[in-house]
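Take a look at the structure set out below.
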Amino acid sequence: MQNITIINTRCANLSSVKFAFDRLGYHTEITDNIEKIQSADKLILPGVGTAKAAMQNLADLGLIEVIQSLTQPVLGICLGMQLMTDYSEEGNLDLLKLMSGKTEKLPDCQLPLPHMGWNKVHYAADHPLFAEIAQDSYFYFVHSYGVLPNPHTVATCDYGVPFSAVIQHNNFYGAQFHPERSGKAGALFLRNFVENIK
């Protein structure tokens, strides 16, 4: 059985992520222990709130360089995905720099912010994270900042303008939506991360 570890960023609804994996039959552990993080088979980097608070928490826990040096698959969720980029406009902040790109406030398109609720996700053909998930399936979003499409974009969503719904570089994967709150499609997405990503 794979060792799936949820990094305790102290700024996320960690229990809902854990329950999502529990429902799929996977054992997970929530921890900020460096040795456990480094020895995990798969890692989840969740986050809600501000980038500044999240980066400060990771710094206080001594986890920034630990995360940057990981070689196993890591899935960032919502703010956790944004933290994987170089920089955030929210607080003019350097982030984890796991892949190029920046996090910026979604443009004013006469739509309310935060972008909250169900929206369609369009993914690149044959990506293993989307195995058995219908094209343009709906996923659940809650965010005001996002990553505009770039070479690391695997899937997009549109909220007045297109933005990255999923990004990837090497072993680092990020989802702007909340798979743990996205019904059957979200459950399949988490299963695919565990089973299909090596």
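Each residue, glycine too, has its Cβ placed from N, Cα and C.
Here is what Swiss-Prot records for this protein:
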- Cys78: active site, nucleophile (ACT_SITE)
- His178: active site (ACT_SITE)
- Glu180: active site (ACT_SITE)
- 3-198: domain 'Glutamine amidotransferase type-1' (DOMAIN)
Cα-Cα distance linking the residue listed as 'active site, nucleophile' and His178 (active site), given in Å to the nearest integer: 6
Other CB atoms, at most 10 A from the CB of His178 (active site): 21
Separation of alpha carbons, Cys78 (active site, nucleophile) and Glu180 (active site) (Å): 11
Fewest other Cβ within 10 angstroms of its own Cβ, chosen from the active-site residues Cys78, Glu180: Glu180
For His178 (active site), the three-state class that DSSP assigns: coil
